[in-house]
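Accompanying notes for the structure given below.
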Amino acid sequence: MKKTLMASAVGAVIAFGTHGAMAAAPADWSSVAATDVTLFYPGVSPVEWITKGTEHGGARALKKGETCAGCHSEEASDMGEKMASGKKLEPSPIAGKAPFINAKVQAANDGENLYLRFTWKQPAASGAAPMDADNPVKIAYMLEGGSKVELAEAGGCWGSCHGDARTMPGAADTKTKYVKDGSLANGVYYDLNQWRSGENKAFDGYVATERVMEGGQALVDAQGKLDGDTWTVVFTRKFAGGEGDVTLAPGNLYNFGFAIHDDSATGRYHHVSLGYSLGIDAQGDITAAKQ
């Protein structure tokens, strides 16, 4: 993937956030390398569709150890166009829905905390009725250690996307995201952090047998702002936490993916990244070097 340097954001017009007292993100993000990531509208493309192989030819490549990003990173925007328009894998297209979002991701650490900074331009609103009127924007990322979750290494957070989860066609509204054979005790889970714009709140949870949006102890801080048409959200997360928190350590790589719920979206109507590796003082697709 292409990497660039990102100028630091200035002049917040709208600011939201929760504020941690101990950790401090880099004062000058312009010195931290940024990774360009295209998030795309995924339509109805659950893990079952990806791995079955009858409609998705990439299932064979996955069995050989290839990653989703290895095949699709350069065509993510095209995939989003096809699905947002209803040409493929979307039985109920939303007129005006943005097909993709280009984001930049920066990462750093101070030996005790991980800092993740996401920036992207606000797409034009679709004009559709809001699904979550209280939160125009939400952003979440997932971490996984050990590649115990199905598809975590190859597809990032796609291992939590199932065809019977809520907002999928015909699914019950009570069924949340989950992972196959999910178990905190056995390390089969995603660590989940989310920030919501309208509520001015951050959530620290996990996805195992179900999605739980509380109970984590690693998330210290999440701050977001809208400067003109550009969003900036910074997460501060301790290396170690508690149950449901992936423990981070220098020299290691972790499976990583993130999603943006734009335009007051909920459930599957988000924009998602493919799967990437996050390195803590180790070379990954995204590298969090000590500052």
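Numbers here mean position along the shown chain, with the first residue as 1.
Glycine residues also receive a Cβ, built from the backbone N, Cα and C atoms like all the rest.
As annotated by Swiss-Prot, signal peptide applies to 1-23, with the evidence given as experimental evidence.
Marked as heme c 1 binding site by Swiss-Prot on the basis of sequence analysis: Cys68, Cys71, His72. A 10 Å cutoff on Cβ-Cβ distances gives His72 (heme c 1 binding site) a total of 16 other Cβ atoms nearby, all chains included.
The Cβ of Cys157 (heme c 2 binding site) lies under 8 Å from the Cβ of Met142, Tyr190, Gly257, Phe258, Ala259, Val272, Ser273, Gly275, each of which sits 6+ residues away along the same chain. What Swiss-Prot records for Cys157, Cys161, His162 is heme c 2 binding site, and it gives sequence analysis as the kind of evidence.
Annotated pair Cys68 (heme c 1 binding site) and His162 (heme c 2 binding site), C-alpha to C-alpha distance, rounded: 17 Å.
Secondary structure at His162 (heme c 2 binding site), taken from DSSP and collapsed to helix, strand or coil, is coil. Annotation for His162 (heme c 2 binding site): same-chain Cβ neighbours under 8 Å, separated by at least 6 residues, are Pro46, Val47, Glu48, Met168, Lys177, Tyr178.
The Cβ of Cys71 has fewer other Cβ atoms within 10 Å than any other of the binding-site residues Cys68, Cys71, Cys161.
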